[in-house]
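*Asks:* Sharing a structure below in structure tokens format, with a few things to ask.
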Amino acid sequence: MQESTMKFGIVIVAAGRGERAGSPEEGPKQYRPIGGRAVIEHTLATFLRWNDACPIVVVSHADDAALLSPILARLDAGERITTVTGGATRQQSVLAGLEALSSHGLTHVMIHDAVRPFVAADMLERIAALHRAGAGGVLPALPVTDTLKRGLEDRVVETVSRQGLYAAQTPQSFSYSDILDAHRAAAASGKTDFTDDASIAEWTGLTVTLTEGSVDNVKLTLKRDIAMADEKLSHALPDVRTGNGYDVHQLEAGDGVTLCGIFIEHDQRLKGHSDADVALHALTDALLATCGAGDIGDHFPPSDPQWKGAASRIFLEHAAKVVRDNGGTIMNADVSLIAEAPRIGPHRQAMREALSDMLGIALERCSVKATTNETIGFVGRREGIAAIATATVVYQGRPL
């Protein structure tokens with residue numbers, strides 16, 4: 001199947017109570033904090049970054065709305081994430097999630113446990129590639145490496161061969177219509193003892209292809225698992241990235257210029273398709289550079305008439321959202337303006353405040369500086385204004 005014809009949906013199973021993960025007062029394990037964020041928040045963030053178009057349904061317990069709502073608000077995914085109430089068993093919860101996606105015209109669906117927060121994008125890509133090659137169902141799994149024993153009460157009865165044995169993981173991925181039909185058939189037959197979705201697929205005769213799982217993709221089951229996950233994230237190396245941007249616009253006769261979103265009266269204006277705010281254009285490029293998301297022209301082509309005369313804050317706020325959707329936190333924004341006139345000093349504080357508002361970061365993290373070009377070159381001849389911008393962004397850490 002061609003990639004352009006594939007449309008994935010995601011079911012995140014999060015309705016469990018997690019009795020083995022500690023006392024009820026600590027709350028369900030999917031909402032316990034690890035690395036400063038809830039387990040499920042890490043999980044959802046990975047899928048949001050992997051595919052910015054696929055719908056996600058979170059199957060949650062009826063009592064967990066107050067826990068889930070603030071997490072969804074922080075992720076700011078809008079209508080991409082919906083919720084549905086789960087059933088008494090995992091099997092019933094998955095079926096509820098699949099039914100909730102029925103209006104999206106999906107070709108495939110990934111079903112993932114919320115308490116596997118370390119799922120990686122490369123695994124999701126491998127799964128998608130197998131579907132493109134024709135696989136109906138895909139199961140990430142690891143070969144069993146421990147010696148297996150069968151026991152009776154407190155005695156070993158026999159050693160079980162581990163040849164051909166695998167430990168199943170999630171996400172388990174399928175043709176959407178096939179796995180929906182399989183779950184419906186299982187429910188209609190009264191069979192409720194399936195422990196994963198691949199088992200249901202096998203029961204209905206669907207072929208499931210194995211792909212390599214990951215030792216990092218652990219399921220947080222016990223209280224000590226959550227403690228280890230928190231320790232792992234707490235000792236992660238910070239992924240600090242720096243992006244640079246440069247822009248220049250010509251000056252022409254006019255009544256003022258807009259720089260960093262602030263209009264300054266002047267006997268010239270900047271020439272451009274939008275409002276020609278050279279500072280915000282440079283900073284937009286700097287932010288996009290931190291996550292390899294192209295440049296301002298890729299997102300807002302100057303050939304598109306809808307951006308004619310547009311306020312450049314639209315571009316900057318979009319770039320900030322792209323950064324956050326990729327798991328980034330903007331730490332600092334620095335803009336250097338190069339112009340003979342107008343004077344920037346009297347407006348610097350207003351510019352910093354505008355940047356702080358547009359980026360949603362503290363004022364102390366926003367810097368605006370200005371210099372002349374000592375009457376040299378096109379800037380020195382007052383033919384244009386240039387801007388250099390640097391953005392510092394911290395992305396989710398890499399575990400040691």
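Using the three backbone atoms N, Cα and C, a Cβ is placed for every residue, glycine included.
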*Asks:* For the divalent metal cation site that Swiss-Prot assigns to ASP247, HIS249, which of HIS235, HIS266, HIS273, HIS281 is also named?
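*Replies:* So, going by the record in Swiss-Prot, that would be HIS281.
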*Asks:* So around the divalent metal cation site, ASP247, HIS249, HIS281 aside, which residues have their CB within 8 A of the centroid of those CB atoms?
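*Replies:* Here the nearby residues are VAL248, LEU270, GLY272, ALA276, ASP277, VAL278, ALA279, LEU280, ALA282, ALA386, ALA387.
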*Asks:* With DSSP assignments reduced to helix, strand and coil, which class does HIS273 (site 'Transition state stabilizer') get?
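*Replies:* SS state of HIS273 (site 'Transition state stabilizer') = coil.
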*Asks:* May I ask which of the binding-site residues ASP247, HIS249, HIS281 is closest to ARG162 (site 'Positions MEP for the nucleophilic attack') if we compare their C-alpha atoms?
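*Replies:* That would be HIS281, nearest by Cα distance.
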*Asks:* Through the lens of DSSP with three states only, how would you label HIS249 (divalent metal cation binding site)?
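*Replies:* Its secondary structure by DSSP: strand.
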*Asks:* Quick one: mean pLDDT on the region '2-C-methyl-D-erythritol 2,4-cyclodiphosphate synthase' (241-400)?
*Replies:* 94
*Asks:* Hey, how far is HIS249 (divalent metal cation binding site) from THR372 (site 'Transition state stabilizer'), Cα to Cα, in Å?
*Replies:* 15
